[in-house]
Each structure stands twice: as C-alpha cells, then as structure tokens.
Amino acid sequence: MTDTPAPDLKPSFRNDVTVELVKHAATDSDVLWAARVSTAGEQSLEELQKDPERSKGLINYLMRDRHGSPFEHNSMTFFISAPIFVFREFMRHRVGWSYNEESGRYRELQPVFYVPGTDRKLVQQGRPGKYEFVDGTAAQQELTERVMEDSYRRSYEAYQEMLAAGVAREVARATLPVGLFSSMYATCNARSLMHFLGLRTQHELAKVPSFPQREIEMVGEKMEQEWARLMPLTHAAFNTNGRVAP
Ligand SMILES: Cc1cc2nc3c(=O)[nH]c(=O)nc-3n(C[C@H](O)[C@H](O)[C@H](O)COP(=O)(O)OP(=O)(O)OC[C@H]3O[C@@H](n4cnc5c(N)ncnc54)[C@H](O)[C@@H]3O)c2cc1C
C-alpha cells in the first residue's frame, strides 16, 4: 500500500453518517430461485415470473417459518463512513458479513469527528435494562458540542505533533478518540442484513424489541432503505413477520 496525498488537516465535525450501496446482486427472484430448486430442480429459473402472488406467498412462508438459507443467495456491498465507536459495534456481526476498513497504519487519518446533532437525545433515564433517552437541555447541548470539539482538536494536534516528530502513524493514532470517522466496505446478504437490522434498529413492528445506540441505528436505517428498494417482497415479509431474521 502507498501513502495517500497530504490531507486537509483542519478538523471538521459531522452529525450524520454515510451509507452508499456500491455493488449489488440482490433481488426477490434470488430467494425464489433458491427456494424452488428443492421442488422444481433445474427448471426453477423459468418458473419465477409466472405467478407473482405465489412468489409473494412463498417468500412470506419462508420468512414466517424461518427457512433462512434461500435469503443468502444474494449480495450487497455498502460503503460506510461513520465514527469508530459505530464500527466497534458493527464488526461484532460476524456471520454473513465481510469487512475492509481504511488503515491507520498506511495512511494519515483525516480529522473528521462526530458531534451529535440537535435531534440526538442526550440524556438517559431509568435503570439498566429499562431506560429511555430524552432530549438534553440547551445547556447540555452547548456543553456537548463545545467539549467534544475541544477534545477532538487537542487529540488531533497531539497526533500531528507526533507525526511531525517522525513517530510512526500506527503509534501516533493511539491519541485519537472513538468519535473519529472511519470508512469501510461491508458486504452482506439479505439474511445477515435482517439479523443486523433486527438488533440494530428500533421499529414498531419488531416482535422482539432491541435498544441499539442511535448512531449505529442511523447506519442501519440507510442500509435498510437501499435493501428495501432491491428486494421489496423480502423486505415486506421481514416487517410482516416481526422483523426477526429467518
Ligand atoms: C442493544 C445491544 C447491546 C449490546 N451490548 C453489548 C455489550 O454490552 N457488550 C458486548 O460485548 N456486546 C454487546 N452487544 C453485541 C452482541 O452481544 C452481539 O455481539 C452482536 O449483536 C452481534 O450479534 P450476533 O452474535 O447474533 O451476530 P453474528 O456474529 O452475525 O452471529 C449471527 C448468529 O450466528 C450464530 N453464531 C455466531 N457465532 C456463534 C458462536 N460462536 N457460537 C454459536 N452461535 C454463533 C448465532 O445464532 C448468532 O445470533 C450488544 C448488541 C446489541 C444489539
């Protein structure tokens, strides 16, 4: 790997995340094809478009009865840019996922940092296992923004000071916080994405509610939008059946 050109060293602050679908081979037909091979053998590809209602019913049946493997014969690759603390949670998803992340050893890390937007609920109330998040006061908002930005600036200055003195990137990066943005490619299939969405989004249709950190949920919501466009029948069946991965 080679060095990247000199980056823009002025810190910038973001309250959003980037999710782009960069590559895909994922349609509802892929599910039908895989499911019907068990009964129709080699002719199954030709049968696909013949009866849309039957196709919808079959996808719903597979989802409801948790016949999961037909949902694996497809692929979606996302480019994601989000804070490192989101990636720490993301990469806990081991099954049906492939990851490649930018390197802090081979390139100088860019000073892009996460600061929550005004719509991010700042205050946690309740006891462990049964709590909710509520809006912060204006003073808490102001404090959060100011303290985070100060802290980010100082840590990036420390990073720069070490690099300027000839210390290796892989050593100097230890000064940087988990609010720093990173980027990665993440490839999954509909089944592994559904498992991710079941855990990392909150949704009124979820049979088993989850309480994810808002920032990974922001990534999940954008991925779900892309996936719903590619596989509308599968997405609808996921919702109808309580957003539990088959
Ligand atoms: C709201 C929330 C809070 C969390 N809090 C914490 C926390 O405080 N600390 C923490 O460490 N993690 C935490 N996690 C991470 C969580 O424990 C999981 O690591 C993460 O959600 C990935 O889920 P998974 O293992 O089901 O996914 P995957 O790794 O993608 O696995 C998918 C499925 O494959 C099967 N599987 C995979 N690996 C194995 C295995 N080794 N043995 C048997 N079956 C396997 C399981 O059925 C699993 O559900 C949290 C997750 C959520 C959603």
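Yeah, the Cβs are placed from backbone N, Cα and C, and that goes for glycine too.
Unlike curated records, TrEMBL annotations are generated automatically.
The annotation in TrEMBL ties E89, F90, M91, R92, E101, E102, S103, G104, R105, R200 to dUMP, and of the candidates under consideration, R64, R173, R229, the one tied to the same site is R173. The annotation in TrEMBL ties R92, H93, R94, E101, N189, A190, R191, H195 to FAD, and of the candidates under consideration, S69, S155, the one tied to the same site is S69.
The binding-site residues near ligand 1, defined by a Cβ under 6 Å from one of its atoms, are H93, chosen from S69, M91, H93, E101, A190. Across the fold, the C-alpha of A190 (FAD binding site) and the C-alpha of R105 (dUMP binding site) stand 33 Å from each other.
Listed in sequence order, E89, S210, P212, I216, E217, V219, G220 are the same-chain residues at least 6 apart in sequence whose CB falls under 8 Å from the CB of R200 (dUMP binding site).
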